[in-house]
Amino acid sequence: MSEVTGDGAVAAEAIDPRRFRTVLGQFCTGVTIITTIDDGVPVGFACQSFAALSLEPPLVLFCPTKTSRSWAAIERSGIFCVNVLAEEQQSTCARFGSRDPDKFAGIDWTESPLGSPILTGSLAHIDCSLESVHDGGDHWVAFGRVSSLSEIREERPLLFYRGQYTGIEPDKTVPAPWRDDLEAFLTTSSEDTWL
């Protein structure tokens, strides 16, 4: 049983990992595949814990589990490519999120300028060199220095919410009633300066 504080919050030492994961599932994320080449072999894994870190210098971050074999390959190679998945790439995400030993079987890809796989059909890619690695509990926090970026595509992203794949509504001119405020935010014409 969780210990509840006076304000209704659950005390940190009593947090159940399953409940924590369920609460984190309320935060909708994009889905990426982080790739590299390890001794001539393409390696990759599905990753939701990806974020922009800095514009000057251009840095991104992702958080692999400490037991990840794919992470070990990325650390050895010193390079990686973030492949942002498009809405129709659910099966690609499932493959790279599995324990399949040959995740690249049947997956088309090209080589990035630094040498990591760019998955065909990905919405965007960000080619990086490994900048630094920091401890993050049962995960590592890996910083990457951006070397090159893809062109912008008009397709919609694959999203993950409450343990399921989801997407953006195709017709944003008629938002669902609960999206009125979000719609106003997403369609604002002001410059994007959030970073």
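Glycine too: its Cβ is placed from the backbone N, Cα and C atoms.
Since this is a predicted model, take the numbers as computed values, not measurements.
According to Swiss-Prot, the protein has these features:
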type: BINDING; residues: Pro42, Val43, Gly44, Phe45, Ala46, Gln48, Ser49, Cys63, Pro64, Thr65, Arg69, Ser70, Arg95, Phe96; note: FAD binding site
type: BINDING; residues: Phe160, Tyr161, Arg162, Gly163; note: NAD(+) binding site
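Separation of the C-alpha atoms of Tyr161 (NAD(+) binding site) and Ser49 (FAD binding site): 13 Å, rounded to the nearest whole number. The binding-site residues examined here are Pro42, Gly44, Pro64, Gly163; by Cβ neighbour count within 10 Å, the least packed of them is Gly163. The two recorded residues, Arg69 (FAD binding site) and Phe160 (NAD(+) binding site), show a Cα separation of 23 Å. For the pair formed by Ser49 (FAD binding site) and Arg162 (NAD(+) binding site), distance between Cα atoms is given as 15 Å, rounded to the nearest Å.
A gap of 18 Å separates the Cα atoms of Gly44 (FAD binding site) and Phe160 (NAD(+) binding site).
Pro42 (FAD binding site) has Phe160 as its nearest neighbour among the binding-site residues Phe160, Arg162, Gly163, going by CA to CA distance.
There are 10 other Cβ atoms within 10 Å of the Cβ belonging to Arg162 (NAD(+) binding site). Taking CA atoms as the reference points, Ala46 (FAD binding site) and Gly163 (NAD(+) binding site) are 14 Å apart.
Between Pro64 (FAD binding site) and Phe160 (NAD(+) binding site), the C-alpha separation comes to 17 Å. For the binding-site residues Phe160, Tyr161, the greatest number of Cβ atoms within 10 Å around a candidate Cβ is found at Phe160.
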